[in-house]
Amino acid sequence: MLYGQNLPWRQALRHASRRSPNRIAISSYHTARLPSRCVCEVPARSLPRCAHPRRLNTLPSTLRSFSATTARRKDKPSDPPEPAPADEETTQRSKESKDETSISRDEAESEEAKTKTPDPIPSNNSADGAKGATAGGGSGSSGDSNSSSGEGRGKKRKAPSSSTQTPERSLTKPTIPEVYPQVMAIPITKRPLFPGWYKAITVRDPNVIAAIQEMVRRGQPYVGAFLLKDEKADKDTIDNVDEVYDVGTFCQITSKYDGASDQNGQTVVLYPHRRIRLTGLMSPNKEMEEKGEAKAAMATIEAVPEAEESKDSEKEGKEAKEEKKGDVVASFEESTAEAKEQQLQLAKRDESAEVQQQPSRYQPSSFLSSYNVSVVKVDNVTEEPYDSKDPNIRAFANETANVFREIAGTNPLFKDQIASFMASQGTRNVTEDPGRLADLAAAVCMGEPAELQEVLSAMNISERALRGLTLLKKELMSAQLQTKIAKEVEGSIHEKQRKYYLMEQYKAVGRELGYASDGKDKLIEKFKEKAAKLAMPDAVSKVFDEEVNKLGHLEPAASEFNVTRNYLDWLTQIPWGQRSAENFGIQHAMKVLDEDHHGLKDVKDRILEFIAVGKLRGTVEGKILCMVGPPGVGKTSIGKSIARALNRQYYRFSVGGLTDVAEIKGHRRTYVGALPGRIIQALKKCQTENPLVLIDEVDKIGRGHQGDPSSALLELLDPEQNNSFLDHYMDVPVDLSKVLFVCTANMTDTIPRPLLDRMEMIELSGYVADEKMAIAERYLSPQAKELSGLKDVDVQLEEDAIQELINKYCRESGVRNLKKQIEKVYRKSALKIIQDLGEEVLPEAEALTAEGKAAAAEAAKDESDVKETPQDIDKETTETPRVALKVPDTVHVSITKDNLKDYVGPPVFTTDRLYDTTPAGVAMGLAWTQMGGSALYVESILETALSHSSRPSLSPTGNLKAVMKESTAIAYSFSKSVLARQFPGNKFFEHARIHLHCPEGAVRKDGPSAGITMASSLLSLALDTPLDPTIAMTGELTVTGKVLRIGGLREKTVAARRAGAKMILFPKDNLSDWLELPENIKQEIEGKPVDWYSDVFETIFPDVDHEHCNDLWKQELKKPSKDNERSKESEDDD
């Protein structure tokens, strides 16, 4: 409760005057601002404790006169009047007396709770224009701080019967001190405070909170509010005057309460009264420098002269001087003229005495020195004088008022603020006070803190009005923009609502009249129109009618509606009965196939057969072809060529690593996001019933927890079943018998046998050197030259260079690696051309188009990281940023066998023949790999010297797998049987420790086709007879000597040719494969089929001497004599 509104005082005094004949006269020192005083008579025993900071001491039972206002130092008069004897005696007794009766705290608090505290009433000017003011804290309204301080409110009551008459009493209206040199400073953020406008702030510093509570308790609720320069700062004290702006506001604390969101903070409501300027900062906890200054004015109790209370008066007078500085008590005025005159004389006399005793100046904020808060020295800031009739000022004021009117029409918050301001102005015109109008503009605008501070600091009214008008104009523009945006959004919403309402009305009217239908009816009509153009089977047509009927009874908002609509969409997008016109011209097919691929006679013949049957029948059923061959031989590209030759639509998808059956058979329609399988999607894309579907990497299909896709392919690739293929999503039979399926694989080992049985196998062997040469010259070299930007440049890749690439760099069966090496040659050529010519001949500026130059300029300005996409990336990109540069005609580059190393580096392969002359125990076999064929040498050696006591063993090495290890054991057993039958005297295998090895141990080797090669190697070692290095062999061997059929004869023949072999031994069962080989492959190599190993033995050992071979190892295996054994044993003992 703020002092000056302490109504419990009035009520307590009123009750006391009615209860006892004994009276106490209360008086005090007055400031020059108060024109009159109030003297009340209160019985001492009935006086309750008030809520004022100063506690009244115990009063004697006698009547006493006292006063309670701020005792202020006044100028000493030149001739102080002498007080009357009665007044002197009364004053003396008042100084010597003190209350003995203690007023109960509970009674005072109870009385305070029963009394309503009125709102604070701020006032800058007293009614009589005096400079003084009481320290009582009033609070102003939101619109006016210039309220006059006239007579306080009072109630007339009947005067009690006493010697002293007090007919009428009233409470003085509190006033705001005009001069407050030292004040506690509170820094604020975001925006400054403007006089006349409340502001709630949160204080978290415990010292500041305690100081505010003490100021309110003392009745001095005044602080200075200054704006922090740093917007991010958040503190409650000022460490340096440079942290805040020097101009702030003198504020009164009107209320305080604990913050709900901040447990440690306190919310304080401030009411700014006037502008002040910060002149200095006093350090916290610093004692007042001027120790000689007067202590706080203290209330003096003037007692009525009675002899029996002289001793008490003496004691009370001493205690009254020891009271703290700054204490403030209530001030009352009595309306009687006699009392006023008497009190005035007493005041003058007491002031004279007080000045003599306390010559120092009084500081009301001195008690703050005990708190760690910011106490600053301030001066009042006065506005510069101005002429109210100045046309500029009047124009500013009128324009500000007009802008306020415009904003009030758009923002209700401004309307409330303006209404409050108008109410505070009363009958005055708003333009008569331009300074207040500018403060109002700054207070309600959301400007920058620096701009708002400029308004607060402006003492020139014209400048302040201009700054306030500028802020208000910005606020008006923002309000207008917000209103425009709101109207646009509202208009858009209203337009959509209007269209929707009209459309619904249109639909309703149309349905009533029968000439219009809603979106669902149009959708059904569209499906029926599409179905009418298709030749749906009866089963499909029945399902279609059922689904259309169901769609017609479903609401568009139902979830089943979208499911049914999507199903009908797929059902009508399958090309039922729609086929493309095939081209069965044989010559056309041959031309197309030869244009795209060189060689591949088997594939081309099979396609020509397919076309011939279709030409005679008029139609062809779908076939399932599977092309098996090493990588890079053109399996995938041949499928596209077949589609082009037959004039069929082409669709390709890979099943490598596929583990989900739904990719083949589709999802159930009950699942969210269900789709048909890839085959149905192929029909939708191609829009024909007879496309060519290429299923790539069928040998690498996976298997997971979602099923086995290879089993799902059984129905798809079976000519007897795919005429009624059932997809899980479509749930209707689809005829796929007219689809030509072409599958590709690198090997058949991983393809399930049931699936392999349903496909027609076409093996694509690797290309020989002649075929690679033709492919390089016709296809690879021109394509690589064009891709390197050398299409019109004289760069020649000579034939001998290509031959060198094939023999020394690219020995694989396919041509993929050969293509990479040719592209590398041309890229190196392009680099050499640019390096030799220099970039001056081919400047970068000529390569950029106009759009490219603009994009490059924007990119140069971009300094962001390349990993981050810039916001204006569209400015840095263009459709055609560059054009090709023309190389001068004087450039000539030729790549030959001699300078090929400069382009592709040293050769990778030197030769396939490890031995020009093979030693005994070495035989050249042939192996098939995924990259084609290769020569596989088998080497056998003796680990230890033969002796009569040595034991036989065989140690195979060379990364051999299970099947090849079995072939090794079979060959070893068979070799021993051959030696035992044909050369019984040769006991080599009975005592030899043999090590058999296949070179290139990093390469895994498996398969049975090396059987005759291993047997030949072992027999060569046993007979000590070298084999012909130009003979290569392949074939599986049984323990009886039968040579079984092998695979990959074409690749093995190519490998034998590459290794320099002149003859190749192969099983007789592969004679048909040999006859089908092209002549260019069989050229310069002889093929000899063998049925039994005896045929192989006669070929590789044509001139063997049986007697020599029979007696070959007898000397080494001879049993030593007993003397030799004894000597050998003695040597061992030594």
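Just so you know, glycine gets a Cβ as well, placed from its N, Cα and C.
Automatic prediction, not curation, is the source of TrEMBL annotations.
As annotated by TrEMBL, region 'Disordered' applies to 61-176, 283-365, 854-877, 1115-1134. If you look up TrEMBL, you'll see 61-70, 160-173, 354-365 marked as compositional bias 'Polar residues'. As annotated by TrEMBL, compositional bias 'Basic and acidic residues' applies to 90-117, 308-327, 337-352, 859-877. TrEMBL lists 183-476 with the feature domain 'Lon N-terminal'. Per TrEMBL, ATP binding site is recorded for Gly629, Pro630, Pro631, Gly632, Val633, Gly634, Lys635, Thr636. The domain 'Lon proteolytic' feature in TrEMBL is assigned to 917-1103. Annotation source TrEMBL lists active site at Ser1009, Lys1052.
Thr636 (ATP binding site) has a Cβ environment of 15 other Cβ atoms inside 10 Å. Of the listed binding-site residues, namely Gly629, Pro631, Gly632, Gly634, the sparsest CB environment within 10 A is found at Pro631. In the compositional bias 'Basic and acidic residues' (859-877), helix, strand and coil residues by DSSP number 7 helix, 0 strand, 12 coil.
Every protein chain considered, the tally of other Cβ atoms within 10 Å of the Cβ of Lys635 (ATP binding site) stands at 26. When the recorded positions Pro630, Val633, Ser1009, Lys1052 are compared by the number of other CB atoms within 10 angstroms of each CB, Pro630 has the fewest. Note: the ATP site is recorded as Gly629, Pro630, Pro631, Gly632, Val633, Gly634, Lys635, Thr636; in the same chain, Thr744, Asn746, Leu764, Ser813, Gly814, Arg816 also have Cβ atoms within 8 Å of that site's Cβ centroid. Looking only at the domain 'Lon proteolytic' (917-1103), the predicted model's pLDDT averages out at 91. Cα of Thr636 (ATP binding site) to Cα of Ser1009 (active site): a span of 29 Å.
In this structure, the CA atom of Val633 (ATP binding site) is 24 Å away from the CA atom of Ser1009 (active site). Cα separation, Lys635 (ATP binding site) to Lys1052 (active site), rounded: 20 Å.
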